[in-house]
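Colleague: According to TrEMBL, the record shows the following:
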- 43-152: domain 'HIT' (DOMAIN)
- 69, 141: substrate binding site (BINDING)
- 137-141: motif 'Histidine triad motif' (MOTIF)
- 139: active site, tele-AMP-histidine intermediate (ACT_SITE)
């Protein structure tokens with residue numbers, strides 16, 4: 001194959017690189033921040049005002065709730081969010097800390113029951129500099145992991161394949177969620 005030399009790549013539609021492109025136009029909603037009717041309204045403050053199905057809420061507690069991540073790293077990636085709007089973990093009340101912990105434990109049990117995953121990544125990104133996409137409202141990520149989830153597709157093709165639609169994932173996890181928090 002002959003190699004082509006390009007003096008000014010700015011004339012090209014796109015500069016070739018090692019990445020293949022999987023077009024996901026639905027992500028433009030997130031990128032353009034048009035998902036919310038009011039750009040000043042926090043999506044984690046707005047979600048509890050909607051039905052569980054519309055907001056993709058899996059479970060609700062007194063101080064916090066569990067919601068699917070709209071842009072998951074893996075199938076079953078949920079977020080535990082307090083209802084109260086605050087940014088940093090050290091601003092949480094003892095009741096919020098306890099319920100975030102309890103909902104995290106329940107989410108881990110339920111996701112393992114329905115997904116048979118091998119482990120989890122759990123974390124809170126504190127501030128935009130730390131990677132928080134919505135830095136103003138605390139939220140904890142719970143990402144199920146499987147031994148084979150780093151297969152060739154994301155490594156070679158730089159693409160993630162998710163086996164279920166978000167609504168289906170929400171319904172599966174919500175159906176397995178215990179009716180009592182301590183079950």
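Glycine residues also receive a Cβ, built from the backbone N, Cα and C atoms like all the rest.
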Colleague: Below 8 angstroms Cβ to Cβ, which residues of this chain, lying six or more residues outside the motif 'Histidine triad motif' (137-141), approach it?
Modeller: 42-45, 69, 73, 77-82, 85-89, 91-92, 100, 104, 121-125
Colleague: Near the Cβ of residue 141 (substrate binding site), how many other Cβ atoms are there if near means within 10 Å?
Modeller: 20
Colleague: Would you mind listing, in sequence order, the residues at least six apart from residue 139 (active site, tele-AMP-histidine intermediate) in the same chain with a Cβ closer than 8 Å to its Cβ?
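Modeller: Once residues fewer than 6 apart are set aside, residue 139 (active site, tele-AMP-histidine intermediate) is near 44, 79, 80, 81, 124, 132.
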Colleague: Across the domain 'HIT' (43-152), what is the average pLDDT of the model, as a whole number?
Modeller: 94
Colleague: Mind giving me a neighbour count for residue 69 (substrate binding site)? Other Cβ atoms within 10 Å of its Cβ, every protein chain shown.
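Modeller: Around residue 69 (substrate binding site), other Cβ atoms within 10 Å: 19.
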